[in-house]
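Quick notes on the structure that follows.
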Amino acid sequence: MEGADLLTAGVLFLFAAVAAVPLAARLGIGAVLGYLLAGIAIGPWGLGFISDVDEILHFSELGVVFLMFIIGLELNPSRLWQLRRSIFGVGAAQVLLSAAVLAGLLMLADFLWQAAVVGGIGLAMSSTAMALQLMREKGMNRSESGQLGFSVLLFQDLAVIPALALVPLLAGSADEHFDWFKVAMKVLAFAVMLIGGRYLLRPVFRFIAASGVREVFTAATLLLVLSAALFMDALGLSMALGTFIAGVLLAESEYRHELENAIDPFKGLLLGLFFISVGMSLNLGVLYTHLLWVAASVVILVVIKMLTLYLLARVYGIRSSERMQFASVLSQGGEFAFVLFSTASSQRLFQGDQMALLLVTVTLSMMTTPLLMKGIDKWLSRRLNGPEENDEKPWVEDDKPQVIVVGFGRFGQVIARLLMANKMRITVLERDIGAVNLMRKYGYKVYYGDATQVELLRSAGAEAAESIVITCNEPEDTMKLVALCQQHFPHLHILARARGRVEAHELLQAGVTQFSRETFSSALELGRKTLVSLGMHPHQAQRAQLHFRRLDMRMLRELIPEHSDMVQISRAREARRELEEIFQREMQQERRQLDGWDEFE
């Protein structure tokens, strides 16, 4: 693709995303489906603005690559070892069972048995990009079903290697094309990558971080991710698997959070590009000529995978309320099918339109998942939140609460308990089904749902409430909810949880002045107790704590425009000197006056 064409394609992608995704979000069908529809609109079977779909689809896989790197950063080798049962137990069972059933059905549809085996394996895989995005949106990341879903996806990525090796064997060309020496060299190169990464990555990043130039650190992070992806691609393996391993190797390093911050903006844009490319690849010509076949295939694929996943979740011990979410989020075909089916086509395993039919089935199955998840969310909301005797009542029965608490993790629980102990009327919204079920057993009024949906907030009593307390785990959800409340419920007094200084700056920029940094207050309190244990008078230690809090908040406000700049470092040094001067100035006065306590802002 020429430079000018690439620029034109980039503009079209951005325009399609900006136009389609907000519209999809407004319709309540989710960003992923919006990207897919945008791809159909600008692709060769839509308005025809872009025709070179294969090249763009290959490039857009970088979105999945960046996503897997960030996921790897959130794990570590010991955590992976803990997940071994779910990865190699449930993951392997899902692939083998689904592939066997689907291959049998393809044979009944006049596929050669070799093509049916490849088709069954490809259809058994799920979309890593879509499933992880939806799990994040639905708050499944930290739930048991979310962890199991991740394990299944990880096994599917690992299964790429033997699946690709199987294609030439099934094509009957093992003697001509299948070289065991090349396979051994690939395994050796893979081992070298593991060992080299284990011992070289941290020293390299330590050297780069010592330069103090943020842009160089970002460039080094991009270099690592892209190099790992290209290396694995050259070996004929999954690019996403390579970057996932690189992330795991750095998961225990001191640079984990900085790496994640450097990659995150690129991940979001490239994931959007990936979904647009998938939409562009939808062959509407095959869909029109084989409409009934494709429609039946999509339904059968989704139903078989959901049944398999639901049964495995039941055997594994997942709560009944979480099984449907787990089964539906992995029910689609995946991006790996495009790679596997292309390889099989080059080996002439498929006949006629068979490959095109399978790819259309995979693409359409990906489009069903957001709608399926939305329907299951509504069903779960009514089942979990609706009163048993009268289903006609709204899902959230507290129509006039004083306070709405969003999120019922450890942070939110403390706040809710304090409010309830003081006879305040509260409504708690939580999107982790397991947490909802558990807390209801203890008598808490907790309701299931995604608080970033305006209708749920309205039914929860946001129009009558005085305050909303936001305790979401994800900073993106917090900021989205803040914007939502400011737009639709401007009367609400917003109080929020900030995980650190960066999020605190974002809240201040958004106009939220009442927030609590979760580790800051507890750290200050422990610091005060430490001063007392070292012999400082309790009153003097309390004043030191209050001065520190006041100065830190002032510095936080002053540094809003430069919260990601090196200015913070010099300002922090000035603040430390200023704090020392305050303490020295007041030391003598505090020794004479040890009664009474200061109020602070």
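Even glycines carry a Cβ here, placed using N, Cα and C.
Taking Cβ pairs closer than 8 Å, the transmembrane segment (4-24) reaches residues 30-31, 33-35, 37-39, 41-42, 49-50, 56, 272-273, 276 in its own chain, all 6 or more past its ends. Feature annotation from Swiss-Prot assigns transmembrane segment to 4-24 (among others); the stated evidence is sequence analysis.
Here Swiss-Prot flags 55-75 (among others) as transmembrane segment, drawing on sequence analysis.
What Swiss-Prot records for 87-107 (among others) is transmembrane segment.
Residues or ranges marked as transmembrane segment by Swiss-Prot: 111-131 (among others). Long-range Cβ contacts of the transmembrane segment (111-131) within its own chain (Cβ-Cβ under 8 Å, at least 6 residues beyond either end) map to 32, 63-64, 67-68, 94-95, 98-104, 149, 152-153, 156-157, 159, 163, 166-167, 170-172, 240, 271, 274-275, 301, 305, 329-337, 340-341, 344, 349-351, 354, 358, 361-362, 366, 369.
What Swiss-Prot lists as transmembrane segment is 152-172 (among others).
Feature annotation from Swiss-Prot assigns transmembrane segment to 177-197 (among others); the stated evidence is sequence analysis.
Summarising the annotation, Swiss-Prot assigns transmembrane segment to 207-227 (among others) and lists sequence analysis as the type of evidence.
What Swiss-Prot records for 230-250 (among others) is transmembrane segment.
Residues or ranges marked as transmembrane segment by Swiss-Prot on the basis of sequence analysis: 262-282 (among others).
Feature annotation from Swiss-Prot assigns transmembrane segment to 284-304 (among others).
The feature transmembrane segment is assigned by Swiss-Prot to 324-344 (among others), with sequence analysis given as support. Sequence-distant neighbours of the transmembrane segment (324-344) (same chain, 6+ residues past either end, Cβ-Cβ under 8 Å): 57, 61, 64, 94, 115, 118-119, 121-123, 125-131, 134-135, 138, 140, 145-146, 148-149, 152-153, 156-157, 160, 163-164, 167, 170-171, 238, 274, 278, 281, 301-302, 305-307, 309-310, 313, 318, 350, 355, 358-359, 361-363, 365-366, 368-369, 372-373, 376, 379-380, 433.
Here the transmembrane segment (356-376) has long-range neighbours at 28-30, 32-33, 36, 119, 122-123, 127, 130-131, 134, 138, 278-279, 281-283, 286-287, 290, 293-294, 297-298, 301-302, 324-325, 328-329, 331-334, 337-338, 341, 350, meaning same-chain residues at least 6 beyond its ends whose C-beta is under 8 angstroms from one of its own. Taken from Swiss-Prot, the feature transmembrane segment covers 356-376 (among others), and the record attributes it to sequence analysis.
As annotated by Swiss-Prot, domain 'RCK N-terminal' applies to 400-519.
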Close approaches to the transmembrane segment (230-250) from elsewhere in its chain (Cβ under 8 angstroms; 6 or more beyond its ends):
61-62, 64-77, 80, 128, 154, 157-158, 160-161, 164, 186, 189-190, 193-194, 197-198, 201-202, 205, 224, 256, 259, 336
Restricting to CB pairs under 8 Å, which listed stretch, 87-107, 207-227, 262-282, is in contact most with the transmembrane segment (152-172)?
87-107
